[in-house]
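Engineer: Annotated active site, proton acceptor per Swiss-Prot: 256, in sequence order. What Swiss-Prot lists as ATP binding site is 126, 127, 128, 129, 130, 131, 132, 133, 134, 153, and the listing cites sequence analysis. Residues annotated as domain 'Protein kinase' in Swiss-Prot: 120-416.
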């Protein structure tokens, strides 16, 4: 049986509208176009060259479609100012020693919860992505003297191009503007941003986000090593649906849903992370003013069909397709298609069967599901998974985005409601301060040391 192999997917960011603009105007890629009036000193942390015109007063105002930062929009835009009203930040580090470092108040205004790398001790690097490196760090509680473990996502500066350095800043600001505002047990908690320099002139200067430490790695590894039982997979399915349904309720398009971006917490709960490509597309509860997104953003095998052939599309509906691919990989270990374009043999066959049986209306039809599983090798493993899971996956994999079911409706189905799920979690830690949150990885994880759950997804040591 022929199947598309399962492998790690890199994130791509191809903005079709930006490409079109750049072809018309070679100077269209600028800090001012992306951020509005942003102080040039802020970008010195990433060694980004800024032209003098960037910091001049202008009528350019940050818009939600430009960068998703609600805490900035509320503070600056509501008072009829553009980002930023502070025209010259001049971040200066003061004090006689490294332990007396202080930030310029104006930079603190942008990142009010910012801390310093000297608050943390670096232990080791555990992962490396396109724009960042994940490092395990510790913080010693000043009162109890206990070590607390965290994961620091360090955004690397690149020496290659202005565009890549600018993209790194975009990822950082997007993650910090979105992720800390989310309150859900299946969303990775960000503790604070952190400056990674002792001098503003330090060439290694930059920023990082201090997050929960998930010592068991990502979901990709568990799928790859084939250690998950059917019970585990069903539990994970429900947790994934809960996490993405929560994002949809908050009108946030993640745009890069994949196993690599789902971590396994110390208590065995899934933690969705990596919001560097995410966008806020509307206000919670408002179905009338949802803003469309553009470009092929995410990972190729998980991208919805509309990302390849439409200039603008609904990011929330595209996430539902990605969720379907993710669940298919979770249960079978194979991609259904290399990409959801007509040049892909199996996707083309999928579309042909759908047209013949349903007229491209619903992938819920039993006749369609029977035929695609029979005729498409990459979908044949679906015959061996629970009927409920199969129906969910195929219903989400509808080329017509308007006919993809909402995740709330899926969570409300009888089959999903009956699933045993690790949902008896506590969220008490989510509102505590940095000193109070304790993710201690100093001790080996054993089944006896864990808080009782319905399932134990931990790897035995």
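Cβ atoms are placed via backbone N, Cα and C, with glycine included.
Looking at the shown structure, what environment does each listed feature sit in?
Structural biologist: According to DSSP, residue 256 (active site, proton acceptor) sits in a coil region rather than a helix or strand. Neighbour count (other Cβ atoms within 10 Å of the Cβ, all protein chains): 24 for residue 256 (active site, proton acceptor).
Remark: residue 126 (ATP binding site) has 134, 135, 136, 151 as non-local neighbours, by Cβ distance under 8 Å and separation of at least 6 in sequence.
Confidence across the domain 'Protein kinase' (120-416), taken as the mean pLDDT and rounded to a whole number, stands at 87.
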Engineer: Fill in the CA-CA distance, residue 130 (ATP binding site) to residue 256 (active site, proton acceptor), as an integer in Å.
Structural biologist: 13
Engineer: Around residue 128 (ATP binding site), which residues of its chain at least 6 apart sit with Cβ under 8 Å of its Cβ?
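Structural biologist: For residue 128 (ATP binding site), the qualifying residues are 134.
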Engineer: Tell me, if you would, which residue among 130, 134 (binding-site residues) has the fewest other CB atoms within 10 Å in the structure shown?
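Structural biologist: 130, out of the binding-site residues 130, 134, has the fewest neighbouring Cβ atoms within 10 Å.
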Engineer: Provide the number of Cβ atoms within 10 Å of the Cβ of residue 132 (ATP binding site), excluding the reference atom itself.
Structural biologist: 23
Engineer: Could you give the Cα-Cα distance between residue 132 (ATP binding site) and residue 256 (active site, proton acceptor), in whole Å?
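Structural biologist: Per the Cα atoms, residue 132 (ATP binding site) and residue 256 (active site, proton acceptor) stand 16 Å apart.
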